[in-house]
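So the structure is just underneath, and the comments pick up after that.
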Amino acid sequence: MVGEMDAGMVVGYFRGKNILITGSTGFLGKVLVEKILRVQPDVKKIFLLVRASDVESAKLRIQMEVTGREIFQVLKEEHGMEFDDFIEEKICPLAGDIMYENFGLDTGNLRELYKDLDIIVNGAATTNFSERYDVAFDANVLGAKHVCAFANKCAKLKMLLHVSTAYVAGEQEGIILEKPFLLGDTLREGTNLDIESELNLIKETRRELKANCSSEKAERRTMKELGLKRARQFGWPNTYVFTKAMGEMLLGHLRGDLPVVILRPSIITSILKEPLPGWMEGIRTIDAVVIGYAKQTLSFFLVDLDLIMDVIPGDMVVNAMMVAMAAHSEEQSQTIYHVASSVRNPAPYAILADSGHRYFFDNPPRRGRNGQPARLNKMRFFSTVARLSLYMAIKYRLPLEMLRLVNIALCGVFSRRYNELSRKYRFVMQLIELYAPYSLFKGCFDDTNTERLRMTMKKDQDNNASPDCYFDFDPKSIDWDDYFYSVHIPGVLKYMRD
């Protein structure tokens, strides 16, 4: 790691650099692209790899899903009429996919990238907890493998930064260290993971499904169930974190002398400071609760209010990414960073619950034609799966069983209603099972490496320094109550409600 740095040095690092970013259409990708362009307009080129049939389609996707979003408003105001020309000059669309070797790019593009790239940021992933095993494996495991192979062919590459998740730790308790996964590691004692065997299992399962002429729906269900089964066999709670862990293993195994940083954020939330406080995309667990409460469609939730809710604002994650790139450039090492808050500034779920109740008391949603304030019922929280399951059984399962018996007695008069309610009940129970490992998580993410990285950043002495040049990623600077009440909840309601 380099010695002491300041914000100017970090900004200066990106001058003249060619950067390839995957996953730019995701929330974190947009925040990263915007910040680089805003603080360092002299970056040479940012190549954005997006799924598209051709370059024109890729360009359109970037316009619609990246540079056309609200987060680029500050940049648009800075450049005025020249914004489109600036974007045209700095951003180069690439139509490809990390699930393919060389991302499926043509020889001309490959030759240019191999010769010119300085930095690769791999943020592409599927984050669906219960994704099909084959789809998650392609994106999160083979994708990491292909990115690593590609990076090793780049003549002057200084750095590969890979975005993972802190929850590759599974359901561990206590302090969780910033340590790498070795090939074959699992979270269940007595088991050994062979990634090649997992790939063969996926191929064999798909062959069997095809031979049996299974419907698309049956195939999707089978592949989802396979992912969850394999994840739990090796100690992970779902397909997403299982495949992300395997991706990390392959990166560590295949990187050679490549400088690699693996960034593991906890739950990423809305932007804290700049460029647009409260802005976000993609509903996280806690945001579904906020929206459900505002609409009064969610009357209960599984969470122990005394447990720590490990969240980190998206702009802090991007600040850590950019500082890590500058700090580890051209080092022949692998470093892992937890970008999390549970150790430095823990926030129990009770803070979000209290902030939410106060916010909606002070700012009740408007309902009906006359726009009268809605009356909100207080949400119930269950601290264990057993308590919530009992509540669900009495409040929903028992009436559902009674409806089933009445439906049989009346020769199927209520069949449609019963099937609809039964589907909803099963869906809620599946959600409880999927989210329990997070809402009841009892671990804390050690951030010793991240604190060391923070300590390399000198405090700017110039009080007139532009806030655009801040690279703060210290969760100690966050007042959680103020953040949820004044920034995050209003942001969720403004950007995510519809």
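Easy rule for this one: first residue shown is 1, then count along the chain.
Yeah, the Cβs are placed from backbone N, Cα and C, and that goes for glycine too.
Curation does not apply to TrEMBL; its annotations are automatic.
Given the structure is predicted, the values throughout are model-derived calculations rather than measurements.
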Query raised in the report: If you check TrEMBL, which stretch out of 192-219, 360-387 is marked coiled coil?
Result: 192-219
Query raised in the report: List, by number or range, the same-chain residues at least 6 past the coiled coil (192-219) whose CB is under 8 A from its CB atoms?
Result: 133-134, 137, 141-142, 183-186, 226, 230, 234, 246, 249-250
Report summary line: The correct DSSP tally for the domain 'Fatty acyl-CoA reductase C-terminal' (396-496) reads 69 helix, 4 strand, 28 coil
Report task. Check the domain 'Thioester reductase (TE)' (21-321) for me and report the mean pLDDT. Result -> 93
